[in-house]
Protein chains: 4
Amino acid sequence: MSGNTFGKLFTVTTFGESHGPALGCIVDGCPPGLELTEADLQSDLDRRRPGKTRHETQRREPDQVKILSGVFEGKTTGTPIGMLIENVDQRSKDYGNIMHQFRPAHADYTYHQKYGVRDYRGGGRSSARETAMRVAAGGIAKKYLRQRYGIEINAYLSQLGPIKTEKLDWSHIEKSAFFSPDPDKETELEAYMDALRKEGNSVGARINIVARHVPVGLGEPIFDRIDADIAHAMMSINAVKGVEIGAGFDSVTQKGTEHRDEITADGFLSNHAGGTLGGITSGQDLLVSIALKPTSSLRLPGRSVDTQGNAIEVVTKGRHDPCVGIRATPIAEAMLALVLMDHVLRHRAQNMDVTTDTPIIPAQA
Amino acid sequence: MSGNTFGKLFTVTTFGESHGPALGCIVDGCPPGLELTEADLQSDLDRRRPGKTRHETQRREPDQVKILSGVFEGKTTGTPIGMLIENVDQRSKDYGNIMHQFRPAHADYTYHQKYGVRDYRGGGRSSARETAMRVAAGGIAKKYLRQRYGIEINAYLSQLGPIKTEKLDWSHIEKSAFFSPDPDKETELEAYMDALRKEGNSVGARINIVARHVPVGLGEPIFDRIDADIAHAMMSINAVKGVEIGAGFDSVTQKGTEHRDEITADGFLSNHAGGTLGGITSGQDLLVSIALKPTSSLRLPGRSVDTQGNAIEVVTKGRHDPCVGIRATPIAEAMLALVLMDHVLRHRAQNMDVTTDTPIIPAQA
Amino acid sequence: MSGNTFGKLFTVTTFGESHGPALGCIVDGCPPGLELTEADLQSDLDRRRPGKTRHETQRREPDQVKILSGVFEGKTTGTPIGMLIENVDQRSKDYGNIMHQFRPAHADYTYHQKYGVRDYRGGGRSSARETAMRVAAGGIAKKYLRQRYGIEINAYLSQLGPIKTEKLDWSHIEKSAFFSPDPDKETELEAYMDALRKEGNSVGARINIVARHVPVGLGEPIFDRIDADIAHAMMSINAVKGVEIGAGFDSVTQKGTEHRDEITADGFLSNHAGGTLGGITSGQDLLVSIALKPTSSLRLPGRSVDTQGNAIEVVTKGRHDPCVGIRATPIAEAMLALVLMDHVLRHRAQNMDVTTDTPIIPAQA
Amino acid sequence: MSGNTFGKLFTVTTFGESHGPALGCIVDGCPPGLELTEADLQSDLDRRRPGKTRHETQRREPDQVKILSGVFEGKTTGTPIGMLIENVDQRSKDYGNIMHQFRPAHADYTYHQKYGVRDYRGGGRSSARETAMRVAAGGIAKKYLRQRYGIEINAYLSQLGPIKTEKLDWSHIEKSAFFSPDPDKETELEAYMDALRKEGNSVGARINIVARHVPVGLGEPIFDRIDADIAHAMMSINAVKGVEIGAGFDSVTQKGTEHRDEITADGFLSNHAGGTLGGITSGQDLLVSIALKPTSSLRLPGRSVDTQGNAIEVVTKGRHDPCVGIRATPIAEAMLALVLMDHVLRHRAQNMDVTTDTPIIPAQA
């Protein structure tokens, strides 16, 4: 209830601070019988891991996950899965100067006011380091969804500052230093990021997340529509400031005749809805897009106050991503996986099982 | 757990179909001692009520709310508040023809696939009629938040199709037929809506919601950040396709130096964050913006299939809003009130009470 | 979260006070496709209804339940089921004198201290009238459990004051004025109750509840064991002071060799466990027993204080059951049905469906 | 939702199997500012720890708890508290023979049927080893309740097999090898336990738990009464088969005039209610009593079946407590602390703070 749990039937509860001894989580509700090893989760953790390229924070964390329970002889047992990642490269001294400072656009001020006390080292609990556990938990959901229902979840950078990726080449995403799907924009992105780093500034990004082969019928009206739970999940990711489903904000200027996805016996003729009608999946691809604000930690000085309310100038010297949006890509996938996994279980509770029979119409004409 | 409850400590559970005998809800967790009458809730219900102007559906529903419990001698007692609104003007015959049809962009197809059975009359449970109960419940939250903490919540139409409202004249909103804050655009909006109705088409809209005088410290990291819960709440409103907090999607192209809201002893110098840092309110105004898709029910024929998968042409003859976004204004206010109310209670649980003492800095410079 | 909801997947949220206009509830999570009419629920409501015999309170309430949503053309639709029972025979004047009094063994004092305000008429929210809605909701669960899984739930009076019912004649229960299963004790029970009523006193009772044909596998370790949830459910019934599963308190003096239910290929050889091992149903009958305290409302004067703390003498003149335990019989059945229903859905979420295949061993040798 | 979380606002989620690498838990919702060290929790863990005397299992576990998050510079920060206890003395070989066996009165059969797969080593998840984490979590609750509200929680052995402890000498409990409060019975208890161990048998026990200095007003009607939540908590402890509040099963034969606790300006004149009226604490001592079944693991052979349904004879060779009830004493205290802590937070949510002002009447005359 204090907000550290996500999901209702497939629940993930995380703990851990940026510079504490370890991060951890408990995944409860995983169906028994799923083959699961630490290696299954490590690949996504490696995609999220800092320090892979020069465009990311140079903090070196192996982010090696340990499974402590809930898996026996290579299979999940239906009991809670406890996981742990030790923090290795904390360098607390980097952060000592922020003990009495409120960094602009950070959570320092609000945590201080809310709790009266805060772990200021590296942002403490408000650091995006916590998302490592989400990626680990999301990895379990991803594997189950893929194995049992054939659902595939992928995300990619669709915009970095002013640069929009235009080509959608799925095979390029994992080759790109930016999770970009557009091979033609790789050089431009690199140049932009190098200049940004030199400047000491940061920039925002837009990430698109797509789930394919989603069965019809997932989502619980009224309040726990699939899109509402996706919005919740996405907005819970550090730095996210906007969420769109399907046509998103373009819907504002669309006419009804344009927006409505007509249906034929061969499937839907378009997907402005983004794969959900009335909060329930339609079998079309789930289309989600999110906006991430620029990194708040900057070498360029900014005005702020200290814990006594005195004016100060803040300069952040630590190691930071110039664009936090990039590494949010696997996190966004993980969160979408958690939402779908939760709704698969919720659907099964009331309706036995998710229909994988041929629905009345195919997804897409 | 089947999605008909909103909130964790201040919970609202709704029931009712568009053409059933009544809508109802239970509000649980309301603090005792709040003065409350049905009249307190009726004003917002009247703002949401259909048929006030020619620009809305002509279904005539008085939407008279009855309080059945939880209030004694004019005050809340701390026990659950049961409320009821009877459906008066159903005209079921209008909808008989959709028994075997899936209307494009409606929830007919997905409800049918999910449950195997559906109340097709007027969209049944998926109809926006359900939101009447949210407005009633939100009215309780609004009153409590205003009385105890001075919080004010207001929403307005910021865009209707291509027309953006530019002036923000708070006093005009309730005079406008469209919850528009811009007196200069009223004629243009009227002309546009008249043409749209004549055409038999519909259009999308954008609504902005603002909460003022919000105390510092509301919101529960990690997953139940105030912005994540707001995104959930907003996306649960029928027809919403996008949610922004503060700078929203503009953050994508912002640099860190531009986006970060600098702080002085006199307050924050800007509000790109939209009133939340790390998922916790900062004391600045909460700024939310949502996109609503165009109404799906249209007189203009559209292609679809029937429940057997045969191609059909759908024409909706009933009474519908040409722009559902307009009447969503009080609903969006209600949902924001429910989120804030829930977080006030959640904060109190862990931290005794919301600080109404002067925070370290004032909200806005 | 304020305690008016029972269940996690099959949830029942109730509202209503003893002397308010109506009682109501919302049942959320009912699977679609269940044939359901008001008559299905009325039979249990009639069993609980006051005033059937001279041994019960003479308040005359028809307790006619109305289903307001969630059922369409005679079948549940998967959407929330709203139900209402109007209060008819309130006679508020009976209770006016207790406005400033705390009746001993009643909740007057604790509600007053907790909320600062209370609906004192007939005990307000703390009255057992609220349980009418539990019986209605439980009726839905009972029907589903019987139809889909063959589960049967029955309760009976096993002790009234000093009188133990010894014979277990299932067919007698509904003929008895006391839900007693022992035809030989009916006269003794009548004489005892008549004397008690004349005396103006009240007495406690013990009720046994049995669920038969329960599938193996229901219950969620660790905290939501089936027996833990049953204990919660039973102790939530007004006046219940003790709960036993299987051997219950007799376990204290049992040796391990006596208590352990040995297993053969033909089934368990005994049922000291009461149908649950490790919090999960074993396929044996679920055996539950509860203790109910004597009615607190008595004509015989008792010492107490008023809301100012002054000593007073309290005499309750209203219409009351001399033994509240009797009418608790259908309530206890309803609560057990709600627990089992919830766990059926919870089990299905994680494990697809409840196994109705032949388990490894039959239930009972 | 899979049952591994206890509490609604002060939540404890545990993980870990008897013979896995570690046990762990996450405590979410702890108020910030509480001074907390591992030593604070270790004392209760040591009370529960196996192998302290010859009357307990000889498994040697140091049960050293590590706090991994949520505490900074010696104080809780309001963020989740992750804790870990490593398993040291597993000796898996002891348990290899039970891989294909269902031990009578154990959860082997039900876990197998529920999940299809189970960690059979030492009972896996169903082992009482899991309760170590409850004691750690309960230690946090205990400290907070004592420091802020003066609440004291203590438990003691009130019966072991046929031997009832009669004297209630609080100072003796921690000196006794059995948490017995009666110094006169220590020798008798020792002799009984020695004989039992020699015999290879086990026996049940009764534990009483008392909370003193409980504020008036805790508990949420209707379903989450303090007594209902206590019953839930107690019945979730391994081996518990019965729960009583106050007079418990003695209520069955009591008359109303005897049971009702009369009130004077000096306080209640008796405490048959056990400290709760209408599910809300009255300020009197909370009185709880539980029955624990005899240990199921016995050297004496018992009949059972294997996973193929074939008849076998089971003999348990491992190291076991001849009376599991004894070591349940600190576990029961922990569970009562968790219930009270949760209700303190729930009460504060709706009512600001728990009243520590003088209530209308003192607790006890």
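Including glycine, each Cβ sits where the backbone N, Cα and C put it.
The feature region 'Disordered' is assigned by TrEMBL to B:41-61. The residues of the region 'Disordered' (B:41-61), classed with DSSP into helix (H, G, I), strand (E, B) and coil, number 8 helix, 0 strand, 13 coil.
Proximity of distant same-chain residues to the compositional bias 'Basic and acidic residues' (B:44-61), defined by a Cβ-Cβ separation under 8 Å and at least 6 residues beyond the stretch ends, is recorded for 85, 87-89, 91, 129, 131-132, 135-136, 138-139, 142, 174, 177-178, 190, 193-194, 197, 319-323, 326-327, 329-331, 333-334. Look at TrEMBL and you will find B:44-61 tagged as compositional bias 'Basic and acidic residues'.
Residue environment of B:ARG54 (NADP(+) binding site) contains 12 other Cβ atoms, counted within 10 Å of its Cβ in all protein chains. Summarising the annotation, TrEMBL assigns NADP(+) binding site to B:ARG48, B:ARG54.
Listed in sequence order, the residues of the same chain lying 6 or more apart from B:THR295 (FMN binding site) and placing their CB within less than 8 Å of its CB are B:SER202, B:ALA239, B:HIS320, B:ASP321, B:PRO322, B:CYS323, B:VAL324. Taken from TrEMBL, the feature FMN binding site covers B:ARG125, B:SER126, B:SER127, B:ASN238, B:ALA239, B:GLY278, B:LYS293, B:PRO294, B:THR295, B:SER296, B:SER297, B:ARG319.
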B:ARG54 (NADP(+) binding site) versus binding-site residues B:ARG125, B:SER127, B:LYS293, B:SER297 - nearest by Cα: B:SER297
Cβ-Cβ neighbours of B:ARG48 (NADP(+) binding site) (radius 10 Å): 23
Subset of B:ARG125, B:ALA239, B:LYS293 (binding-site residues) with C-beta under 8 Å from chain C: B:ARG125
Site of maximum Cβ density within 10 Å, from binding-site residues B:SER127, B:SER297: B:SER297
Spatial neighbours of B:LYS293 (FMN binding site) that are distant in sequence (at least 6 apart) but have CB under 8 A: B:ALA105, B:GLY204, B:ALA239, B:VAL240, B:LYS241, B:VAL324
Candidates from B:ARG48, B:ARG54, B:ARG125, B:SER127, B:LYS293, B:THR295 close to chain A, where binding-site residues are judged by Cβ under 8 Å: B:ARG125, B:LYS293, B:THR295
Pairwise Cα distance maximum in Å, FMN-binding residues per record: B:ARG125, B:SER126, B:SER127, B:ASN238, B:ALA239, B:GLY278, B:LYS293, B:PRO294, B:THR295, B:SER296, B:SER297, B:ARG319: 44
Residue from B:ARG125, B:SER127, B:SER297 whose C-alpha is spatially nearest that of B:ARG48 (NADP(+) binding site), among the binding-site residues: B:SER127
Under 8 Å by Cβ from B:ARG125 (FMN binding site), counting only residues of that chain that are 6 or more apart: B:GLY16, B:GLU17, B:SER18, B:TYR111, B:ASP119
